[in-house]
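Asker: Not my notes, these are from Swiss-Prot:
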type	residues	note
DISULFID	C3-C22	disulfide bond
DISULFID	C17-C39	disulfide bond
DISULFID	C41-C52	disulfide bond
DISULFID	C53-C58	disulfide bond
Amino acid sequence: RICYNHQSTTPATTKSCGENSCYKKTWSDHRGTIIERGCGCPKVKQGIHLHCCQSDKCNN
């Protein structure tokens with residue numbers, strides 16, 4: 001699986017992953033809205049929005 005692995009507004013980068021899914025986590029703090037992308041489908045704490053998907057580059 002090929003997943004995006006960049007944060008928020010940094011230039012898009014991808015990674016070839018062993019997992020079959022990609023994720024995109026979104027949350028807000030004093031810096032504003034933070035977006036984190038990567039491989040797999042992690043468990044998240046309350047208040048963090050998580051989107052997991054199962055196709056290449058699906059987590060932008």
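Placement of Cβ uses the backbone N, Cα and C atoms for every residue, glycine included.
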Asker: For C58 (disulfide bond), which residues of its chain lie six or more apart in sequence with Cβ-Cβ distance below 8 Å?
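Answerer: In sequence order, the residues whose Cβ lies under 8 Å from that of C58 (disulfide bond) (at least 6 apart) are C3, C22.
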Asker: Looking only at Cβ atoms, how many others are within 10 Å of the one on C17 (disulfide bond)?
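Answerer: Looking across every protein chain shown, the total is 16.
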Asker: Please report how many Å separate the Cα atom of C53 (disulfide bond) from that of C41 (disulfide bond), as a whole number.
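Answerer: Between the alpha carbons of C53 (disulfide bond) and C41 (disulfide bond) there are 8 Å.
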Asker: What is the interatomic distance between the Cα atoms of C39 (disulfide bond) and C52 (disulfide bond), given in whole Å?
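Answerer: So the alpha carbons of C39 (disulfide bond) and C52 (disulfide bond) sit roughly 9 Å from each other.
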Asker: Can you tell me the CA-to-CA distance separating C41 (disulfide bond) and C17 (disulfide bond), as a whole number of Å?
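Answerer: Counting only the Cα atoms, the answer is 12 Å.
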Asker: Counting only residues 6+ away in sequence within the same chain, which have a CB under 8 Å from the CB of C52 (disulfide bond)?
Answerer: S21, C22, Y23, C41, N59
Asker: At 10 angstroms around each C-beta, which of the disulfide-bonded residues C3, C39, C53 has the fewest other C-beta atoms nearby?
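Answerer: Lowest Cβ count within 10 Å among the disulfide-bonded residues (C3, C39, C53) is C53.
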Asker: Give the residue from the disulfide-bonded residues C22, C41 that has the most other Cβ atoms within 10 Å of its Cβ, counting over every protein chain displayed.
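Answerer: Comparing the disulfide-bonded residues C22, C41, the most crowded Cβ belongs to C22.
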Asker: Name the secondary structure element type, per DSSP in three states, that contains C41 (disulfide bond).
Answerer: coil
Asker: Could you find out if DSSP has C3 (disulfide bond) as helix, strand or coil?
Answerer: strand
